[in-house]
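**Student:** There's a structure below that I have some questions on.
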Amino acid sequence: GNLSDCPNGSRWIMDVFDECAQDGRDVASIVLGLGSIGCFIAAAFPQFYQACRTGIMDQALSIYFLLGWLGGDLLNLIGSFLADQLPLQVYTAIYYVLADLGMLSLYCYYRVKNGGRAFPAPINAAFVFLSVGSLSSLSLLGSASTEAPGPFRGRSLLSAPGDELGPKPFSRTEIIGFTIGSVSSVLYLCSRVPQICTNYKRKSTSGVSYSLFALVMLGNSLYGLSVLLKNPEPGQGQGDYILHHLPWLVGSLGVLALDVVISFQFLAYRKGRPGTLEERDALLGEPDES
């Protein structure tokens with residue numbers, strides 16, 4: 001990129017992100033956006049460790065929570081690709097999908113290991129559909145990346161489809177991107193409800209890593225701030241800018257509110273947590289041994 005359309009912008013930001021950052025708000029938006037991506041990337045690792053340590057991942061996490069999260073990330077990946085987002089966004093969305101598939105694989109492994117019952121047919125169908133859709137999307141993205149690239153049209157680091165100059169009707173591509181973003185946000189919101197119900201029924205959060213939700217909360221907070229801090233394009237009003245980002249803002253801030261509920265559950269159930277399966281088996285065996 002060059003600075004012909006951004007005379008007062010930062011050269012290194014233009015070179016790295018192909019984005020015009022003319023003041024402190026734009027720079028802060030980019031820094032917060034990168035911070036949110038880092039939080040989302042690191043969020044899955046604490047849960048992987050917790051699953052291996054306790055061995056009760058199949059009891060601690062709701063399968064509907066994992067499937068909803070995978071569905072939201074899959075639509076986020078498709079929307080990022082169709083909306084011609086920056087490569088960094090697409091690569092990060094690919095990581096989200098791979099991390100979700102890894103978490104689902106761990107869930108299925110511990111369900112089989114712990115002698116759990118088979119999944120109902122609707123869950124099996126949803127798992128197969130989302131897994132096939134994820135692998136197909138990844139393969140299509142891989143084949144598309146090997147084709148001769150055309151002129152790259154740079155967009156904001158965390159922009160939603162439709163960041164064109166001035167208020168005007170949505171184009172067909174913008175409507176598709178807006179719809180995909182809306183459905184993705186709904187899936188993100190709905191995915192938290194089964195996990196909240198699972199924690200409430202168990203009266204425990206054992207086997208669930210709070211670091212997972214803490215990092216996601218931090219990532220969503222940074223994401224929302226980065227979008228709100230970004231200056232609208234010349235000729236675009238603040239209201240029109242918010243409208244084009246509304247599904248992503250609702251998804252991030254709405255999920256943040258539900259994750260606060262889960263945080264209160266961690267506080268409420270921090271006492272009397274059951275241990276691992278081995279610890280519970282030992283406790284149950286004590287009366288017989290005595």
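Each Cβ is built from the backbone N, Cα and C atoms, and glycine gets one as well.
Automated prediction, rather than curation, is the source of TrEMBL annotations.
The transmembrane segment annotation in TrEMBL covers 27-49, 61-82, 88-110, 122-142, 175-195, 207-228, 248-269.
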**Student:** Mind pulling out the one from 27-49, 61-82, 88-110, 175-195, 207-228 with the most Cβ pairs under 8 angstroms to the transmembrane segment (248-269)?
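**Tutor:** Most contacts with the transmembrane segment (248-269): 207-228.
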**Student:** Is the number of Cβ-Cβ pairs under 8 Å between the transmembrane segment (27-49) and the transmembrane segment (175-195) three or more, considering only pairs separated by 6 or more positions?
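**Tutor:** Not in contact, no.
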